[in-house]
Structures are given as C-alpha cells and as structure tokens.
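Reviewing the structure listed below.
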Amino acid sequence: MRAPRIGLLSTGVLVSGCSGSQSALNPYGAPAVHVEHLIVGIVVLSGVIWLLVMVMLALALRRGRRAETEGQTSEGRLTMTVSAAVAVTVAIIAGMTIASFYTTRSMGVPQSAALTITVRAQQWWWQVIYAGSDGTPTFQTANEIHIPVGQDVRLQLESTDVIHSFWVPSLAGKQDLVPGRPNDLLLRAEKPGIYRGQCAEFCGLQHSHMAVMVVAEAPADYARWITSQRADAKMPADPDAASGQAAFLAKPCAACHTIRGTQATGTTGPDLTHIGSRQTIAAGLLETTRGSLAAWIADPQTLKPGNNMPMVPLTSIELQNICAYMDSLK
Amino acid sequence: MEAGELDRRLAATWSTPPGLWGALSTVDHKIIGRRYTVTAFVFLALGGVLALLMRLQLAQPEARFIGPDRYNQIFTMHGSNMMFLFAVPVMQAMAIYLVPLMVGTRHIAFPRLNAFSYWMYLAGGLLLWIAFAVDTGPDIGWFAYVPLSGPQYAAGKRADIWAQMITFTEVSALAIAVEIVVTVFKQRAPGMSLDRIPLFVWSMLVTSFLVILAMPAIMIASTSLILDRLVGTHFFNPAEGGDVLLWQHLFWFFGHPEVYIIFLPAVGMVSSIVATFTQRPVFGYLAMVMALIATGVLAFGLWVHHMFVAGLPRLGESFFTASSMAIAVPAGLQIFCWLATIWAGRPIFKTPFLFVIGFIVVFVIGGLTGVMVASVPFDTQVHDTYFVVAHFHYVLVGGAVFPLLGAIYYWFPKLTGRMMSETLGRWSFGLIFSGFNLTFFPMHILGLQGMPRRIYTYQPEMPWSGLNMFISLSGIVLAAGFLLFFIDAIRSARSGPIAPANPWGASTLEWATSSPPPSYNFARLPVVESLEPLSDRSDPLGTVEGLHTDRRELLITSVVEARAEARESSVGNSIWPLLAALATSAMLIWSIFTPWAVVWGSIPIAVALIGWFWPKGDPEDES
Ligand code: HEM
Ligand SMILES: [Cu+2]
C-alpha cells in the first residue's frame, strides 16, 4: 500500500470550477474529515499487515528451500503459529469493525438541521430546490448548490428517473438518489470554496458528464446570494439581449426551460432564471461564458452526445442575441 | 483378464465415435470439459479485447475514439462476459474434467445433462456476442440496475438480450452444480471417505451448493425484469407500487456469492498446486475444509455491502459490515495454512507454483481492500469509483485467474497429454504479474482522487490524466503476458513434449491414469486408503473387480465412508441433448420478441426431452 496523501494536487481554497477538488483525501467538511481519518488509519494498518504477510511468505519460501538440511518443523509448532496468526486476524478485524461503527455514528443526518435543500437528479443534470422558511419552494437552480460555511445542511435527495448518486468527496461520502425512496445526506463545509462532485451511479448515456458544484460561502455572502436568486429574472437592458429574449420565447426553448418573470415556464430542462451567475453549464461540462453558451445552444448533441436537449435551429444573429440574454441573467 | 484385452473391451464400450456425429453426440465428460474450458478461454480473450478498447478510450481526457453508446455496451459486455461467460463457466469446466478423475470414477453423474449444459452455455454466449456485433449489445451494466434496465429507460432489445443470456448461463451452471454434487457424494472410489476427499473436490462441492442456493435469486430477478419489459408487469416500477431496491437485493443475494463461486474453486486449485510443489500434504486439511464451508455460509450474509449507499437502515448496515469483515477470517486461515505448508515443505519453483506465489501477493491486497469497503463510512467514499474497480480485479484476477493459469500449467498434461513450456511459462507469469499490478494498483489512487467508474470520458481539468495514461500503457504489458500464455497453450497442445502419467509426482487419483486418460478413465477402479493415495504407497493401488466391461457401468458408494453399494449403468452418447439445447435456445431467444414463444416454443422442447428420456429395452443403448 502506498502512503495516503497522494491526492494533494490542490491546496486550500479551490478557486476555478474544478482541478483536484474532487478527492476523498482532501476533506473540507466534518463528515468527510471523519471518513478521511478512518481511511488513512485503515490503509496504513492494511499496508502493515500486507508487509507482514509478505515477510512470512518470503521466510517460508527460504526456509522451505533449506528444509532438507534442517529437518521438519513439528506439526504442533505449525498449529500453534497458524492459530496465533488467526487470533491476531480476528482481533484486527474486530478493531476495524468497531472503528467503522464509531465513524458511522458521526455521519448521521440530524433531522433538526436548520437548512434543507432538495436535490432532484435527472438524466443528466441536477435540479436544486430551495424552500422558504415555511417549507414551500421559493426558487430553483441547477447543477450548483450554495451553502453557508460552518453550518449543517440537510440534502433531501430524490430522483425522477433512474438511480443516481450524489457525491462531493471533499464534503461527504456519497448517497444514492433512488426513485420512489427519498434519502438524505449531511453536508457541512468548514471553509469557503467551490467543491466539485459528480454522479457516481451509472445512470445511462451521459453519466460521465453529470457534475455538480457545491459553493460554500460565508453566511453573509450566502444570504446575499439567496436574495438575488429569489428575485425574478432581470428584464434585458440592452437591445441585443432584448431581441434574444424575444427569440428565446418564440423558439422551442421556452417549452423546456423556465425563466421566472417571463412566459417561459417549461420544466423539462434546467431553470435558467439566473443562468448567467452559475459557474458551469450542462452539469459541469463548460464554464459559463458567452462563447460556451453559444457552443452549447448551437449544437448540444456534439458536446454532450445523447443528452435530452435537442438542437434548436437558429440564425447566427438569433444565437448571438440569445447568448447575450443568457449572459445577462445574473 | 489381460490388461490389453481389458483396455480394448473398455474402449469399445466407452469411447466416442470419430467424426462430426461423435463430436455432436458425445457425453464423455473429458471431451465436454475440455471443450468447455477452451470456450471459456475464448471468452476471456474476447473480454480482454474489450478491456483494451476501454483503456484506449480512457487513456486521454475527452478522447473521441469510442462514443458513449458503444462505450456503455463495451463495459457492460466486458463485465457480463467475464462473470457469466468466463469466470464461473471456466471453474465449472475444469471441475467437469477433473472431479470424476480425482474421485476415481469412470464418468460424471448425468452425462447427458452435462452435454446439454455445454450447448446452452455456448448458445447464451453466441447470443450475447452476435447481439453486440450488430450493435444491440446490452448497455445497462453487468448489474443491470432498474429502472435504467427497465422498459422506460432501456428501449430496444438490448436489456432483453442481457436478461436472456443470464437465463442461459443459469441453466447451464445449475446443471453442472447438480452433476458435481452427485458425482462427489455417490461415485467416489471405495475408501475415499469424507476426510480423504482432495481439497479441490471439496472446493467444487461447496461451490456447487453455492450455485444451487444463489441461482434462484437471479432467476427471480431476471424473470421479473423480462416480465416488466415484455408483459408490462410493474415489479420494479415505484410509480405502480413496485420497488427499485428489490432488484438490488435479489441481484446481490446472487451476485455476492457469485464472487465466491469463482474464488472457492481457485482456492482448491491453489491447494492442489501447493501440495504437489511443496511435496507434502496441505497443512491443516480439516481447517481448510471448515474454512471452505464457512466462506460458503458467510457468502450469503453480506450481499448488502453492495448497497451501503442506497439508503438502508443503519442497524442493518452494521450487521452486514460485521459479516463482511468476518469473511476475512476464513480467508486468512487458508492463507496461513498454505504458508505453513510451504514452510514445512520443499518448494519446487515451477510455473504453476509461481502463479500461486503471485496469487498470495496479490490476493492479500484484494482481501484487505475488501475489508476496507466492508466499512460503511469507507465505502461511502470509494463505492462506484476506480478504487472498487481495483479491489475486485485484485480479488478476481489475483484470486481466481492467477490460480487458474497455474492450474492450466499444472493439469495441462492431464488435459492434453503434453507439457507446456517452462520458459514461456516463466515469461508469461512475469509479464502478467507485473502488468497486472502496474495496471490495477494505480486505480486505488484514482478512486480516492474521485474518479467514478463506468464513465466513458473525463475532463482535462481533473487530475486523472497522468495515471490513466499510465494504466492504459500497463494494460498492454498485461495483454502481452496473456498473449504469450495463449501462444504457449496452443503450441504445446499440438507439439509439446509428451507427458507421462504423473509428471509432477503428485499424489491425487487423476494422476493414477495415463495422460490424457482413456475414455473409460481407469482400466481398474482404484481403492483409496489415505488422503494421498499415490504418495503414501509404493505398491500399485488396490483395485475393484467385477464391473461389466461390455456396458457402461459405474460403482456407487456411500456418502460418508464411500463403501461400495451398487453397480449402476451410465448412459451412452446421444444427439438429444444438443437438440434439446437448440429447442430451448430457440424458445428463449424467440421469447424476447413475443411472450407467445413460451407457449409454442415449448412443443419442440417437449419433443426433444421425450427423445432424450425415451425408455429403451436395454439401458445400454450403444450403437
Ligand atoms: C434554443 C433553445 C434552448 C436554449 C437557449 C437552452 C439552453 C440550455 C442551457 C443554457 C442549458 C444548460 C443549463 C445548465 O446546465 O445549467 C440547457 C440544458 C438542458 N436543456 Fe436546454 N435550451 C434550449 C432548448 C431546450 C429544449 C427544446 C429542451 C427539451 C426538449 C431542452 C432541454 C434541456 C435539458 C434536458 C438540459 C440538461 C442537459 C444536460 O446537462 O444533460 N432545452 N439548455
Ligand atoms: Cu450517473
């Protein structure tokens, strides 16, 4: 076994969307930290055990070669040695089992967690629903979850189609999203940053491109974010964006996407009300820029073959205007 | 009777007629066992090609060699092929060949069922691969989780092909399991009491019970899936009161023992090789048998460890953690017994023994990572990542394929009458051992670094590119090792040095007859007086007299003491098993398209079965 901290490619705060932030050995939240201690402990112990067995094997092979000259080892001594080895195995196994139970206890989800966010997985993106203080949904976003630092957050995990698995290794272990059986997961970030995660259960054609970002921010920033997300989409200020909005509403886009404050109320695709403020589009595939938006809308099927968004025929002017509009939806 | 005359008469009674007719109608367990083994190795090679294709695609981020659709078919095919068409069948195939010889009988129990099982297996394998060749290969993973494999999300016939292939292999595996159990319980050589059964035979006996107990679960699962898909039932549809997790429980209640169905025979092979190449009996015979049985029992108590992140009650998880960890104890016990044997013996470093050493080095790692994933918190991080990919390849390749390759080198003279090359054997061992570790060890790290499995590509920002490229290159080394093994096997089968009856100085009964054995296995049935019938005595084995030579006759013995009880006639060659398998295959494949196939398709099956079991005036219906 190799020494554990191999994943240390990134340090501390994780700035841009990705790079190295998706590692179980880089924990930044209480549940993941507990598990990391367990991982390191078990891996080191196992490495030692493996070495011991290998030493025993080497000794047996050497000794066996010379057995002719040295005479036989008595059955009694062999029996004692084997029994002792088995006894040690039992003890180690028992120890690991107890350590594992102990860590499991620390991962329980407190039902009292102040903040509950619903995450609904679909082929192949994440719908994220925030509820108001009375529990009714207030707004939704996609592929990006904002949480306040230093606070227990309960994720309510649901799936509308097949089984997916929510996994942001730096913050917590994974948990499946099973149709018909809601699960929950405790999430807690100790440091501000952007933590990448990815669907871990094979969910069909684009399972590879189903990333999720958890943005952990100071409580004040988080509150500001909530306020901005609650608001409806801004009316386009410049003429390009305005014609972009008109095109969006006239074309099939609105049949699948919602932009609050307009007539677009489709629910098949992600809510785009504040698309311009999100880190990535298409579940982590591309950073949100005007260029990447244009590339995606012009031809979603080449970028992410088989995803559920069709190519909508647009003139290049329409495309540019729609991108200007999307970009303005901060 | 003179020896030459006896051989001539027995050969006339037992041998398979030459030519195509003979090949299609034979029930000789050695011909079928060899055929079965070769077929399984062909599937191993095909599965290996698929693995190389996957590594080609994953060597670089966002590579465009293989798109998601084909990639998903490829990884599904790789898994299903390796588990259902290679690993389980190859172990059973070796047992079909070896067990009757090792217990000193002339034939396997239910020889026609044995022929039938091979044809079913072949048909299931062909179905899967032909479907893949025409771009209809299953793409739902070898575990085929619902709802992804259900009617709503898996359109077309891909998932049905998968489910029917399962049915074919179920039928085949169950048939062999029953044959092995009966052969071991009722056909052992006189004097081979329970405590004188070779460890390989014990391991196949326990394995056969696992097959018999685990297969019904997957039968229920795959049948329910087919009903959901073809008839419109809702076993797994939560919207209609079905349950998604029901599939996982059924699948893993079979799927976990499946791992031991593959691993236990390998344990038996290791014991045979260790005993022969250390020139002493395996230390702790009773402990080894107990460990085999304990592993078999515990194997049924830990299926839930595949479902730790599915959201089950915590208390249940604790129970399954404990039982999963506990299975490391019998595994450890066996390792220690082999080490003690080596310590007290005089090891001979021939190729089979090298593979056993490689097995110990690698399997211990796989066992330790198994203990890791048995821990719920640990598993929540590594489940469905490359860590698990590494873990189960260490267990399956390290724990089963290494012993299997050793076993092929070891029993090759008995299978073919010729020896394999020691030089090439060493080279292929070296390449396979190093290639394997270079390929799979880094996957542990990738998994901890967050790389999920079953992804057809990853983004360049992720810190996985370097290791992935390294792994893909190492895969070539591994493939070269296997290639060398195949070359050696094919070449040696044709022109290797002729083998004597007992080239390694082994002590179990299969070495008491010529290499390869005659159609009747033993001219005179042996009588056994110890665990090591060939090494404990310098004089020839005692033999049984009085069996007919002009008809196929077996000696039936008692279960515990193996005291001679009766003479029993054994059936001869017949074309009906092949016809029955064709009729059954036609019905199963047809049923993918319409449920009515079950009704109409059962008519030819009934005809074939009537032909098969048609009572003859003389039970010895030799033509
Ligand atoms: C020109 C019109 C459209 C525009 C401008 C548009 C825009 C977008 C954008 C920006 C995203 C990425 C959202 C994110 O990941 O946060 C997206 C994803 C998606 N859209 Fe559309 N869309 C259009 C038409 C449609 C239509 C007609 C459908 C439904 C038939 C649809 C279904 C989807 C789905 C299912 C996704 C998620 C894809 C995935 O990541 O797997 N879209 N769309
Ligand atoms: Cu997925």
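The backbone N, Cα and C atoms fix where each Cβ goes, glycine too.
Residues or ranges marked as domain 'Cytochrome oxidase subunit I profile' by TrEMBL: B:20-529.
Residues or ranges marked as transmembrane segment in TrEMBL: B:82-103 (among others).
The annotation transmembrane segment is assigned in TrEMBL to B:115-134 (among others). Taking Cβ pairs closer than 8 Å, the transmembrane segment (B:115-134) reaches residues 26-27, 32, 35-36, 39, 43, 46, 73, 77, 80-81, 84-85, 89, 157-158, 161-162, 164-165, 167-169, 171-173, 175-176, 179, 574, 577-578, 580-582, 584-585, 589 in its own chain, all 6 or more past its ends.
Sequence annotations record features per position, and here TrEMBL assigns transmembrane segment to B:161-185 (among others).
If you look up TrEMBL, you'll see B:197-221 (among others) marked as transmembrane segment.
Residues or ranges marked as transmembrane segment in TrEMBL: B:259-278 (among others).
Within the same chain, residues 195, 199, 202-203, 206-207, 209-210, 213-214, 248-249, 252-253, 255-257, 259-260, 264, 267-268, 271, 312, 316-317, 319-321, 323-324, 326-327, 329-331, 333-334, 337, 373-374, 379, 531 sit at least 6 positions outside the transmembrane segment (B:285-306) and bring their C-beta atoms closer than 8 Å to a C-beta of that stretch. Residues or ranges marked as transmembrane segment by TrEMBL: B:285-306 (among others).
As annotated by TrEMBL, transmembrane segment applies to B:318-341 (among others).
Here TrEMBL flags B:353-374 (among others) as transmembrane segment.
Residues or ranges marked as transmembrane segment by TrEMBL: B:386-412 (among others). Beyond the transmembrane segment (B:386-412), the same-chain residues lying 6 or more positions past its ends with a Cβ under 8 Å from any Cβ of the stretch are 82, 87, 90-91, 94, 97-98, 259, 262-263, 265-267, 269-270, 272-273, 276, 350-356, 358-359, 361-363, 365-367, 369-370, 372-373, 418-420, 425, 428-429, 432-433, 436, 440-444, 446-448, 451-453, 485, 489, 492, 496, 499, 504, 510.
The transmembrane segment annotation in TrEMBL covers B:424-446 (among others).
Positions annotated as transmembrane segment by TrEMBL: B:466-487 (among others). Nonlocal intrachain contacts for the transmembrane segment (B:466-487), taken as residues 6+ away from its ends with a CB within less than 8 angstroms of a stretch CB, comprise 41, 44-45, 48, 51-52, 55-56, 58-61, 405, 408, 424, 427-436, 438-440, 442-443, 445-446, 458.
The annotation transmembrane segment is assigned in TrEMBL to B:599-615 (among others).
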Sequence-remote partners of the transmembrane segment (B:82-103) [C-beta within less than 8 Å, at least six residues beyond its ends]: 29-30, 32-34, 36-37, 39-41, 43-44, 47, 114, 121, 124-125, 128, 142, 165-166, 169, 172-173, 176-177, 179-180, 183-184, 187-189, 192, 197-198, 200-201, 204, 207, 211, 258, 261-262, 265-266, 269, 396, 400-401, 404, 407, 411, 414-415, 508-510, 513, 517, 521
Intrachain neighbours beyond the transmembrane segment (B:599-615), with Cβ under 8 angstroms and 6 or more residues off its ends: 112, 574, 576-577, 579-580, 582-584, 586-588, 590-591
Mean of pLDDT values spanning the domain 'Cytochrome oxidase subunit I profile' (B:20-529): 94
